[in-house]
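Q: Dumping the structure here so I can ask a few things about it.
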Amino acid sequence: MSVNRVLDLIKENDIKFVMLKFTDIKGKEHGVSLPVSLVVDDLEALFEEGKMFDGSSVEGWKAINKADMLLMPIAETAVVDPFAQIPTMTIRCSIYEPNTMQPYDRDPRSIATRAENFLKSTGIADSVMFGPEPEFFLFDDVRYATEANNVSYKIDDIEAMWNTNRKYEDGNNAYRPLKKGGYCAVAPLDSAHDIRSEMCLIMEQMGLIIEAHHHEVATAGQNEIATKFNSLTLKADETQIYKYVVQNVAIAHAKTACFMPKPFAGDNGSGMHCNMSLSKAGKNIFMGDKYAGLSETALYYIGGIIKHAKALNAFTNPTTNSYKRLVPGFEAPVLLAYSASNRSASIRIPAVTTPKATRIEARFPDPMANPYLCFAALLMAGLDGIINKIHPGDAMDKNLYDLPPEELQDIPAVASSLAEALDALSTDFTFLTQGNVFSKAFIDAYIAIRRKEVERLNMTPHPVEFEMYYAYSGLK
């Protein structure tokens, strides 16, 4: 999209404000809204010179004595915001240093762009395609407390299995997905079909291509909307749009959307499986005559992901809550193995109807991941595997969930905690710094931010500790 086309969209939609959006290290979106008159008066200058903002107010970025940074709008990302009451256009931005007019090394979107550029520089491929599958819950009510004398949370939803015996004024219809009973449920078990349909229609308005939507496995309103793949950075943009639409449509229906991987115990958590493929001169170079129709290049790519998996977890599973999902027994892909169509493996090769659709699927990422960092890190690990010919070994086609302990001990696993993932990243990071895609300064800042989260949780008493220990305190 050209700058002139942005101007046309402003006129066609009677836009009053233009919001410049950007994403911080943790994946949270921020925005600055400009009056359209200011934008239209010098549109070229906005795209060439950017808009100054305070970088010191964004966690992990600038010190207060060097706070000035630039929002550099990306014209092709311009879209009308369907939720704004006053006609508003949003444009995504990369972050630039004002003194050099170069992309900021800690800007997630710029990191994603550098990863794509590094791929091209290797000559291995021209493009990488990503197809993430974020899952989410829709709840009716969420409350939590983190006070000195009260640490608690409570979730409720009309679909929740714990409400089968609840009294309602108009009666309890008893139609609820029970534990692990929600996959592809239909009405009346699926109460959110129309809400998801509305989300899909709005996503289409904002440029996403919808492939399907359905109820997911868990009780209490777990859902998934499948969208078509796109190139790395643009798909990360679309993932941010996906979350924005889901959250805002949910609010409009008096619901609240949750992307936490494990918001409650006892049922499946939410993942964000990431499908990937590489292309060169229009040909999918993951196609081949090796295992499951893969090429040797694809196998090396898998090998790189498996080798660096624990360091990758710092980006693909970036919260303490992530590791409450990555446990055996709830369809979580914790074992670092690959297999065709085997959903118990952390790397799956999906069945395809045409070789052109050949891809691999990393199943351990979750929707709390910053998509720019998650996708870039996965690509860099895969490229390291290709460059250094890291073979993943033999595929494992058996159900990994049923393996006896003596076999399990020989299979590597993902990190078991955020602390372990951060420790891995602190020593295994050179694959990320190739081509200056990730800077060491960024990695250090990222680790420091996430370690604070680990430390806060470690220092906070948990209700389960009271259940396990309180009645026994002082007893011999």
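Every residue gets a Cβ built from N, Cα and C, even glycine.
Keep in mind that TrEMBL annotations are predicted by a computer and have not been checked by a curator.
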Q: So TrEMBL lists E133, E216, E224, E361 for Mg(2+) 1; which of H253, H273, H308, H391 goes with them?
A: H273
Q: Taking Cα-Cα distance, which of the recorded positions E135, E211, R325, K356, R363, Y401 are within 10 Å of H273 (Mg(2+) 1 binding site)?
A: E135, R363
Q: How big is the Cα-to-Cα gap, in Å, between E216 (Mg(2+) 1 binding site) and Y401 (O-AMP-tyrosine)?
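A: Given the Cα positions, E216 (Mg(2+) 1 binding site) is 20 Å from Y401 (O-AMP-tyrosine).
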Q: Provide, as an integer number of angstrom, the distance between the C-alpha atoms of K356 (ATP binding site) and G269 (L-glutamate binding site).
A: 31
Q: Give me the Cα-Cα distance between Y401 (O-AMP-tyrosine) and R363 (L-glutamate binding site), rounded to a whole Å.
A: 14
Q: Do any residues at least six apart in sequence from E211 (ATP binding site), in the same chain, have a Cβ closer than 8 Å to its Cβ, and if so which, in order?
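A: The list for E211 (ATP binding site) reads A226, T227, K228, given in order along the sequence.
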Q: Any idea what the model's mean pLDDT is for the domain 'GS beta-grasp' (13-100)?
A: 93
